[in-house]
Amino acid sequence: MTDTESSETLISPREAGGLEDAKHDIDIEQAKIEEAKAALSATDIANLEHNRKHLIPIMIGLGFVIFLSALDSTIVTTCLPVIASDLGDLSKVAWVGTSFQLTSTATMPIVSKLSDFFGRRNMLFASIAIFLVGSALCGASVNMIMLIFFRAIQGIGAGGLMTLTFIIISEIVSLRERGKYQGILSACLAISLLLGPAAGGLFTDDLSWRWGFYINLVVGVIPIGLLTVYLRLPAPKGASAEKLKRIDYLGSAVLIIACIFFLLALAWGGHEYSWDSGVIIGCFVGGVVFTAVFIYIEGRVAIDPIMPLHLFKNSNYSFNAICGFAFGFVFYGFQFCFPEYFQVGRSTSATTSGIMGFAMVIPFILSSTISGILITKYGRYVEFSKVGACLSVVGLVLISRWNLETSFGEQVGSFVVFGLGAGCTMTPQSLVAQMNAEPKEIAVATSTQNFIRTVGGVLGIAVVNTALNTAWQARLAELITQNGLTAFSGSLFINGNFNLFAINMLPADQKAIVISAFFYGFQICMWVAAGMTAVAEFSAMFLTHVPLRTTVGVHKTEVGGKKGAELEATEPVLKDVTALD
């Protein structure tokens, strides 16, 4: 056999064709990079190199931004009873949280689109300013109406902070590196959710509820200082008048109206009105109608839509969005539910409940950080969503078995399993969204993913709250009848929520009945959460791997968003064909 014949037997025609295709793809990718570099000015390139050299202070600043935006929603929840007592309007106190949720959720896609026109850095500092001004005004409020209005202003800033942080990460690091840094941001989010209730309790007990808002002014100095000095991003070119013409005003307005209808239904349902009342049904119908109108506007009318519908034609993006929605439902709903297990079911203090939360948050931080590092090292990411959702299902099933006799070790072990799974699941979600979008659409792809996850979280809190209290009260009514008791049930719930003070004042035998009913409702909630996590796992199973680029996405959008650019990172895109995934 000749040498030529021997070599032909080693490489089949199919393999040779695949090799040529791979080389061709590399040539195309490198040509795109050269074209993109030519489109950048020397200042743009210098700014990107500056950001890469100062990633640590930039990440600290962005970490504090995400920490602030998430901390505020949890810290205020603990302060609400004292706020209602001080400002004297218990009937409106729920709107302190609802107004914040409404504006923060609705503004996410709007702010991200505005950042395409006016620059990420400019919109980030505008969001910080709105958030801090809103915080100061909330702290200075003298009545409930003022507080609700200023919370809505604060929510506008918080929505911008939450979405722009993840977008800016996509501006300064390559897709291959991005998992590591987004894992760190996810860890900051988890820390804020844990520390918020404890900090709120500290302020209300030892200082004043107003410090739940003023603390933002103190902490906010850190990200302002760091990001002012170290963060440099190019601003889009083009006349301001032309940019203003391209803003999707109609789509933005309709989206806000749709969010208002849905959030009103979730805020009022089971509290102000029964779920089958005409008001709640009308709100849901209104939300559906305006959502349909929004979809029509984004698909047929808007010149530059805030939520491009063609993103969902990509199956990876769509399944990732479903996974994000389902897991947002679970994660935020669970954050509401587990403190009640300890405070009602185990009669512990709010402080002890917060300490137990470390058993979930520490594994979450470790898994989100480590999974981000592994994504950066190996370039694989969909596996983390699949494994993480599976672990989360197992953790929730274990938690659903909790009762009055559950040991400390069982509680910690269940929390650890869920925390590890949650960290693995949440870290890759923004990365998958960005990987399956064009460079010029990374901002809207990221904000849409965050918006969908936040909507899932708002729905999760409402559903878990309703499921817990409805099942609890129904079971309690059965137990009261079985035991021939009627005297103590009336004051245990206020506006559909439990009255912890009244429960703790019950005689031991009656309290045991209430706690038994609570565990029934708690287990129902955990099964609902496990079911939604299974939906996240099912969606994750359909995710397919797309190789991560080692290029840095650069926001270089002209008016109209027709040009995008990427700058080669410090390492080559693909060193050789074997680097292809």
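For all residues, glycine too, the Cβ spot is worked out from N, Cα and C.
If you look up TrEMBL, you'll see 58-84 (among others) marked as transmembrane segment. Long-range contacts of the transmembrane segment (58-84) within the same chain: residues 51, 90, 93, 96-97, 100-101, 104, 124, 128, 131, 135, 144, 147, 151, 154, 157-159, 161-162, 165, 168-169, 172, 181, 184-185, 188-189, 191-193, 195-197, 199-201, 203-204, 209, 212-213, 215-216, 219-220, 222-223, 225-227, 230-231, 335, 350, each at least 6 residues beyond the stretch ends and with a Cβ under 8 Å from a Cβ of the stretch.
What TrEMBL records for 58-507 is domain 'Major facilitator superfamily (MFS) profile'.
The feature transmembrane segment is assigned by TrEMBL to 90-111 (among others).
Sequence annotations record features per position, and here TrEMBL assigns transmembrane segment to 123-142 (among others).
The transmembrane segment annotation in TrEMBL covers 148-169 (among others).
The transmembrane segment feature in TrEMBL is assigned to 181-199 (among others).
Positions annotated as transmembrane segment by TrEMBL: 211-231 (among others). Residues 50-51, 54, 57-58, 60-62, 64-65, 67-68, 72, 75-76, 78-79, 121, 124-125, 128, 131-132, 135-136, 138-139, 154, 168, 199-200, 203-204 of the same chain lie 6+ residues outside the transmembrane segment (211-231) yet bring a C-beta within less than 8 angstroms of a C-beta in it.
Beyond the ends of the transmembrane segment (252-271), by six or more residues, the same chain brings 94-95, 98, 101-102, 105-106, 109-110, 279-280, 283-284, 286-287, 290-291, 293-294, 297, 306-307, 455, 458-459, 462, 465-466, 469-470, 495-497 to within a C-beta distance below 8 angstroms of the stretch. The transmembrane segment feature in TrEMBL is assigned to 252-271 (among others).
Residues or ranges marked as transmembrane segment in TrEMBL: 277-297 (among others). If one looks beyond the transmembrane segment (277-297) by at least 6 residues along the same chain, the residues whose Cβ comes under 8 Å of a Cβ in the stretch are 248, 250-251, 254-255, 257-259, 261-262, 264-265, 268-269, 305, 307, 309.
Outside the transmembrane segment (317-334), and at least 6 residues removed from its termini, the chain residues within Cβ reach (under 8 Å) are 311, 385, 389, 392, 396, 418, 422, 425-426, 429, 432-433, 436-437, 445, 448-449, 452-461, 463-464, 525, 528-529, 532-533, 535-536, 539-540, 542-543. Under the heading transmembrane segment, TrEMBL lists 317-334 (among others).
Summarising the annotation, TrEMBL assigns transmembrane segment to 451-472 (among others).
For 484-506 (among others), the entry in TrEMBL reads transmembrane segment.
Per TrEMBL, transmembrane segment is recorded for 512-535 (among others).
For the transmembrane segment (451-472), the neighbouring stretch richest in Cβ pairs under 8 Å, chosen from 123-142, 181-199, 512-535, is 512-535.
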